[in-house]
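Student: This structure is in structure tokens; I'll ask about it shortly.
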Amino acid sequence: MADVTLTTLRGLKQNGEKIVMLTCYDATFAAAACAAGVEVLLIGDSLGNVLQGHDSTLPVSVADMAYHTACVKRGNQGALILTDLPFMSYATLEQALDSSAALMRTGAHMVKLEGGAWLGETVRRLAENGIPACVHLGLTPQSVNVFGGYKVQGRDEARAREMREAALALEQAGAAMLLLECVPSALAAEISRSVRIPVIGIGAGVDTDGQVLVLHDMLGLNPRPAKFVRNFMTGQASIQDALSAYTQAVKNAQFPAPEHGFSA
Ligand code: KIV
């Protein structure tokens, strides 16, 4: 696979080809995911749950993210590496620049922040300093204590409008990509159409520009999977085959199916 860049991702959106993203935390899985055609490896702060055993992503540090980004970089074979800025590592502009610089130095090509329109100034400053940013909207797990649980976001009109406006404002501020988690499928489709930058979904229906899942979920290792997860190990002889099945299902828009999405 030729090296995937932001230009590649924009081209995929323009051509209507789905973008395949998967979380990844180490070199072995990075190589396997690349061999399966995964285009974006997300070093998600979900590593707090699936690797560290915490019940949320809040305990994860920049050092943890840097360590796993470096591991993934060693196994990467051409995918774009996207790394999460963990909880409270971008609360001020200075923190955002310092944390992002640390992650870019270890191998990230882009960083991901959770929030809304208020991140506009941060996104602008990151872009000015050579750091592309993906903004995670909808169910942002670092705010689980504000939401009072892991709940679908944007079902009421006020929150839906807030999300639509945030997407436009963040694109204007220079965001390179958006990620929508657990939002009604119709709203996610509308937001994806309204911006030129790629929009990746998880629990956001099939009409976003690409999909992401947590590696351990799609390998069937989560005993209580969310509604939007499919176990890609089912019917497959190996992990490598499951990764390829995921890539094919995303590319062919066979995943997610309607039952994986949420209504308004
Ligand atoms: O941390 C993560 O794995 C994520 C995905 C849920 C998108 O942000």
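For all residues, glycine too, the Cβ spot is worked out from N, Cα and C.
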Student: According to TrEMBL, Asp45, Glu114 bind Mg(2+); which one of Asp26, Asp64, Asp84 is listed for that same site?
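Tutor: The candidate from Asp26, Asp64, Asp84 that TrEMBL ties to Mg(2+) along with Asp45, Glu114 is Asp84.
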Student: Can you check which residues sit near Lys112 (3-methyl-2-oxobutanoate binding site), meaning Cβ under 8 Å from its Cβ, same chain, 6 or more apart in sequence, and list them in order?
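Tutor: Leu42, Leu82, Thr83, Asp84, Leu85, Ala133, Cys134, Val135, His136, Leu179 - these are the non-local Cβ neighbours of Lys112 (3-methyl-2-oxobutanoate binding site), listed in sequence order.
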Student: Across the record's 3-methyl-2-oxobutanoate-binding residues Asp45, Ser46, Asp84, Lys112, the largest CA-CA distance in angstrom?
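Tutor: Value for the max Cα separation, rounded to a whole number: 12 Å.
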Student: Excluding near sequence neighbours, so keeping only residues 6 or more apart in the same chain, what lies with its CB under 8 A of Ser46 (3-methyl-2-oxobutanoate binding site)?
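Tutor: The list for Ser46 (3-methyl-2-oxobutanoate binding site) reads Thr23, Thr57, Pro141, Val214, given in order along the sequence.
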